[in-house]
Amino acid sequence: MEDEVIRIAKKMDKMVQKKNAAGALDLLKELKNIPMTLELLQSTRIGMSVNAIRKQSTDEEVTSLAKSLIKSWKKLLDGPSTDKDSEEKKKDTAVTSQNSPEAREESSSSGNMSSRKDETNARDTYVSSFPRAPSTSDSVRLKCREMLAAALRTGDDYIAIGADEEELGSQIEEAIYQEIRNTDMKYKNRVRSRISNLKDAKNPNLRKNVLCGNIPPDLFARMTAEEMASDELKEMRKNLTKEAIREHQMAKTGGTQTDLFTCGKCKKKNCTYTQVQTRSADEPMTTFVVCNECGNRWKFC
């Protein structure tokens, strides 16, 4: 049964990626006939696939059946209720799914799952392991939340992942505000740097890690530019640092005095040079030159 659900989930994920939901209704009908369990929901993450289809489809029958399935599966996550007002709770699933102890316990107990859960209200299934961000009436903060959510929508990764980008954007903003406690320039610069890095086409993994919960909102709110940088940029910075250290060491080891080189700064020929094999053995050596008159340094291969 698990293999069957995984097969359906994979087909739905491909539909979302290709933005073509043809055949989604048949898959949803298959799911309706499968007796779902909590273990099956967690191991297959089918709820996220169904929710992604629901968000993308314009077919009313597809969205209606998807909502119905999600609503029935949410009851498995909530567990049996003994509250006398359970009927009222059912009318307000958005509130109970976020605040019930059962939902929070399930969120913290599934260590190998991401912070999203296969539970939903009529809007989405993404529920963070962090408390929902408190609402605010501050116009600056609201605008920043909107811009962060828009940055998280870059590349449409949030659809395939099934993340609630608006709630996630609010949580990131809330974490920034709680640290700075003001909406001054420091706050705005912090928000801008998050937005810039989330939109970076050369660093899609950062955005995906934030969306899927590998990087929690409060951690992302505090990350430095170096920590948010792409692997390519980190490697470049590492190499530049090594090069700077090597040049500094070369300057200390002395060298050979010569008048063969002309300083581009003071135009004099009183120089000292050192040759070092900085690349592979079959490539030319790098020559480091220091002007003994003005201290100007340069290198060439």
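Residue 1 is the first one shown; counting continues down the chain.
Each Cβ is built from the backbone N, Cα and C atoms, and glycine gets one as well.
Per Swiss-Prot, these features apply:
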BINDING   CYS263, CYS266, CYS291, CYS294  Zn(2+) binding site
COMPBIAS  76-93  compositional bias 'Basic and acidic residues'
CROSSLNK  LYS55  ubiquitin cross-link
DOMAIN    3-80  domain 'TFIIS N-terminal'
DOMAIN    140-256  domain 'TFIIS central'
MOD_RES   MET1  N-acetylmethionine
MOD_RES   SER57  phosphoserine
MOD_RES   SER81  phosphoserine
MOD_RES   SER97  phosphoserine
MOD_RES   SER100  phosphoserine
REGION    76-139  region 'Disordered'
ZN_FING   259-299  zinc finger
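Where Swiss-Prot records a feature, it is marked here on the structure.
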| residue | record | contacts (Cβ under 8 Å, 6+ apart) |
| --- | --- | --- |
| MET1 | N-acetylmethionine | ILE34, PRO35, LEU40 |
| SER57 | phosphoserine | ALA21, ALA24, THR63, ALA66 |
| CYS263 | Zn(2+) binding site | LYS269, ASN270, CYS271, CYS291, GLU293, CYS294, ASN296 |
| CYS266 | Zn(2+) binding site | CYS291, GLU293, CYS294, ASN296 |
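Of all the recorded positions listed here (LYS55, CYS291, CYS294), it is CYS294 whose C-beta has the fewest other C-beta atoms within 10 angstroms.
Reduced to three states, the DSSP call for CYS294 (Zn(2+) binding site) is coil. Neighbours of the Zn(2+) site: apart from CYS263, CYS266, CYS291, CYS294, residues of the same chain with C-beta atoms within 8 angstroms of the site's C-beta centroid are GLY264, LYS265, LYS267, LYS268, ASN270, CYS271, ASN292, GLU293, GLY295, ASN296. A mean pLDDT of 83 is what the model gives for the domain 'TFIIS N-terminal' (3-80). With helix defined as DSSP H, G or I and strand as E or B, the zinc finger (259-299) counts 0 helix, 15 strand, 26 coil. In the domain 'TFIIS N-terminal' (3-80), helix, strand and coil residues by DSSP number 62 helix, 0 strand, 16 coil.
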